[in-house]
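Worksheet for the structure shown next.
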């Protein structure tokens with residue numbers, strides 16, 4: 001049976017429903033006699049002083065990642081993405097409680113908190129490894145920006161609506177030059193997010209692959225490409241861009257790039273471990289979240 005000795009709690013700061021669910025989690029962990037720590041900004045949102053005082057410690061994200069053997073993220077998919085980027089380097093597993101809208105990554109619903117947490121604490125869960133992307137921007141051979149992403153790295157025009165010109169290279173080989181609104185480089189995790197909206201394929205989370213999705217390309221033959229998860233992708237910004245392009249990781253970590261800059265994207269060495277309830281099923285998740293069709297005939 002898996003034993004989690006120290007459990008970290010992180011919540012969406014601007015979501016009162018998330019705060020309420022964290023308070024429920026604290027009471028549940030207290031009843032089970034479990035040590036828990038609170039992320040410092042999360043603790044500041046809890047009005048019941050007795051609950052924050054019950055925490056073993058209140059600490060920042062890095063310290064939390066170093067001492068916890070399980071971190072519960074309460075919020076939407078964005079909250080889990082933020083937690084993943086901050087904690088992947090510490091190899092601490094994450095479990096999501098959904099207080100957002102879609103909930104592709106946050107499995108446990110609010111009404112299931114006590115039941116599903118009891119199962120997890122007794123070892124009844126499924127574990128899954130997901131990879132992140134490392135992104136760096138080089139200018140004249142010098143690294144000027146670094147970031148990582150669980151979902152996607154996006155090259156785009158920022159606030160201006162202009163075509164971008166750039167080249168795509170994979171593993172040192174020139175692939176194509178492109179004029180488009182931008183490019184999405186996505187993990188399997190991100191393939192059900194922005195990449196999907198851009199016409200990219202859905203990749204099963206266990207696939208070791210990266211998908212490259214053009215955004216409104218000027219050439220109709222420019223289609224999404226799936227490459228090996230071990231590939232190094234290089235984007236080179238062209239000369240004839242009327243606006244300074246931007247690079248975004250999971251919707252955050254903006255970096256402004258200019259002519260001649262190189263954007264290098266590769267798999268992050270550290271994998272993220274996600275925990276799921278035992279009844280988790282990726283295809284069921286797609287059906288329920290994306291509105292896929294059910295059985296034509298009810299199973300007997």
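Glycine is treated like the rest: Cβ placed from N, Cα and C.
Predicted, not measured: the structure shown is a model, and the values here were computed from it.
Together with 77, 78, 151, 152, 179, 181, 192, 193, 194, 195, 196, 197, the NAD(+) site in Swiss-Prot holds one more listed residue from 162, 254, which is 162. Contacts of residue 151 (NAD(+) binding site) defined by a Cβ separation under 8 A and a same-chain sequence distance of 6+ are given as 81, 186, 187, 189, 190, 193, 194, 195, 250, 251, in order along the sequence. Take the binding-site residues 195, 197: by the count of other Cβ atoms within 10 Å of each Cβ, the lowest one is 197.
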